[in-house]
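Record features (TrEMBL):
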type	residues	note
TRANSMEM	23-51	transmembrane segment
DOMAIN	39-286	domain 'G-protein coupled receptors family 1 profile'
TRANSMEM	58-77	transmembrane segment
TRANSMEM	89-118	transmembrane segment
TRANSMEM	139-160	transmembrane segment
TRANSMEM	191-214	transmembrane segment
TRANSMEM	235-256	transmembrane segment
TRANSMEM	268-288	transmembrane segment
């Protein structure tokens, strides 16, 4: 009982008319979560099952889709529980843990997209060296770095925050993100500088690298019709996913920064878009636009229809 009384709870005040529409919200988000798992798992399973998809490009796609499912799982189960609860609350320690997972996996998405851009760059601009550069060991190292590096960056910030004193216990959101910083009495200047350092390392550097590699690919593509066709087939899905994710990240930054100036309903709608669009958009794009994946997917759907 003593341990229970010592738990600090944060109220999630970002919900809009949850008492009135709780079952509608619950059904919509449950359907979205099931759809996310099914769509992403289908593409990942196709990549695992079919040997001709055991190439670096498809392995990175599978990693990106798996990351989307993990990111959704950080948010959706708690959100579904909140919709059916009388009070939308979360313990402070659980809030920090959710914040850690959310930003760690979000940063991993950018790093995975930059790894995929590098893979396409080597494949198109240095085709003779591709088998030597993109070996299984290299692929494994790139995947480990894409997940471990953001986790280490985020862990430092979260542990640092855990020592700050809380002045308010109401969060203007439906899950824990950078809005947590508004709960503290004093915001550490050193932590703010560290946050900028992490943002540059996790977002801006990968973005610049991706833009650089695709610019190089574009230049090479203009010189050869065959290369142009290959680039269009394999790079376009990655670019669409990158643009979509970048827009959603920008949305998220706007929501957090304009906390006091942003209408509650608009914040709620935009947050729902952020957590729904990206994990559903990715498997649809790769399923439709990647030729080999699309071929196996059509075969699978035809078999389901026959049965």
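Backbone N, Cα and C define each Cβ position, glycine as well.
Counted over residue pairs separated by six or more positions, the transmembrane segment (89-118) shares at least 3 Cβ pairs under 8 angstroms with the transmembrane segment (191-214), which defines the two as touching. Contact check: the transmembrane segment (58-77) against the transmembrane segment (268-288) gives at least three Cβ pairs closer than 8 Å, residues 6 or more apart, which meets the contact criterion. Summarised as a single figure, the pLDDT of the domain 'G-protein coupled receptors family 1 profile' (39-286) averages 84.
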